[in-house]
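This report concerns only the one structure given below.
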Amino acid sequence: MKKVIILGSTGSIGTQTLDVIKNFRENFEIVGLTAYNNVELLSKQIREFNPKVVAVKDEDKANQLRENLKKNVEILTGSKGLQEIVKYDADLVVVAVEGIAGLIPTVTAIQMGKDIALANKEVLVTAGQIVMDLVKKKDISLLPVDSEHSAILQCLRGNDKKEVSRLILTASGGPFRGKKKEDLRKVTVNEALNHPNWKMGKKITIDSATLMNKGFEVIEAKWLFDISEDKIDVIVHPQSIIHSMVEYIDGSVIAQLATADMRIPIHYALNYPTRNYINGMNFLDFSLTTQLTFEKPDLETFRCLSLAYEALKIGGTMTTVLNAADEIAVSLFLNKKIEFLQIAEIIEESMKEHNNIQNPTLDDIINVDEEVKEKIAKKYMR
């Protein structure tokens, strides 16, 4: 039986992870769960899965949780709680918390020799070199939960990495595919949150609308698969049936296809390298799949993807700046403080102003993250 800790169990990926685990109760034991604010849902999860330990935002949330529960469970709090919970006896830590908050707990879990199922983008975007060096040193598995990276992992299995010509990440194009800059000047938050294919959290949905999500995935792919950025391409595939592809040096292309359901890559990360039948899963019906189309991304309109490639090429703390500026800019947009196109403008401005640190420590990364966010917040949150 695999012992599992889920960081961010009340979010989109966390709830779907527990949904998958419900199908395989005999294979998994939930050791720990964490939530930020959603004490009500966490209470239900505790009753259903009986974890030994949980962590919440602060002591107020901990007190709310104690009032909700009749059972005795250890409750940790704050960022220290996230770091402490991964030290408990477990085989796998699912990192589904959003933001830079996931970085130190992930590093701590790796140092403890635990395998990682990674759904947090910031970990590799900001500290890819540090994290992957540690993964190799500790000889643990770091498995992607993203559908695109899971697809690439599956397409690479059984093949020699030296034979890879390029990785091809697919993008749906988001709700504004085909639009030009002029069309996007006055788009609303609701329009940007209306993703055509995937049901996700608000932050990642906006990142999909700007194509920054795909930019983050390019950065993650470099570190996950140890490949240079000039061998990672992005293609827009509106149907979201092909989740990514690997092209080999003989011209062959291997693709992974599936319905747009996050439970598939979650299941693969939980059970790797085996596969099991998932109850309630919709299988592809090729008789209903009338076409698979592809187009180049519009880098002029969707500047965020270009900025991600640029940050990756520069390296060092520039990817931390990219991530921090995006996080604040998206928050400003969601709170109707800025317009949609200003997201890319704020990120580009932050990158231009940054004095890059080429070989950063974890402290450098966390400090740069805080500095960038504070600077943008001061300027726009008046």
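Glycine is no exception: its Cβ is also placed from the backbone N, Cα and C atoms.
As annotated by Swiss-Prot, NADPH binding site applies to Thr10, Gly11, Ser12, Ile13, Asn38, Asn120, Glu122, Gly201. In the structure as shown, the Cβ atom of Gly201 (NADPH binding site) sits within 10 Å of 15 other Cβ atoms.
A C-beta separation below 8 Å, combined with a sequence spacing of at least six in one chain, links Glu217 (1-deoxy-D-xylulose 5-phosphate binding site) to Lys121, Asp146, Glu148, His149, Leu169. The 1-deoxy-D-xylulose 5-phosphate binding site feature in Swiss-Prot is assigned to Lys121, Ser147, Glu148, Ser172, His195, Ser208, Asn213, Lys214, Glu217.
The Mn(2+) binding site annotation in Swiss-Prot covers Asp146, Glu148, Glu217.
Max Cα-Cα distance over the annotated 1-deoxy-D-xylulose 5-phosphate binders (Lys121, Ser147, Glu148, Ser172, His195, Ser208, Asn213, Lys214, Glu217) is 19 Å.
You'll find the Cα of Thr10 (NADPH binding site) roughly 21 Å from the Cα of His195 (1-deoxy-D-xylulose 5-phosphate binding site).
The most crowded of the binding-site residues listed here (Lys121, His195) is Lys121, judged by how many other CB atoms sit within 10 Å of its own CB.
If you take the Cα of Asn120 (NADPH binding site) and the Cα of Asn213 (1-deoxy-D-xylulose 5-phosphate binding site), they are about 12 angstrom apart, rounded to a whole number.
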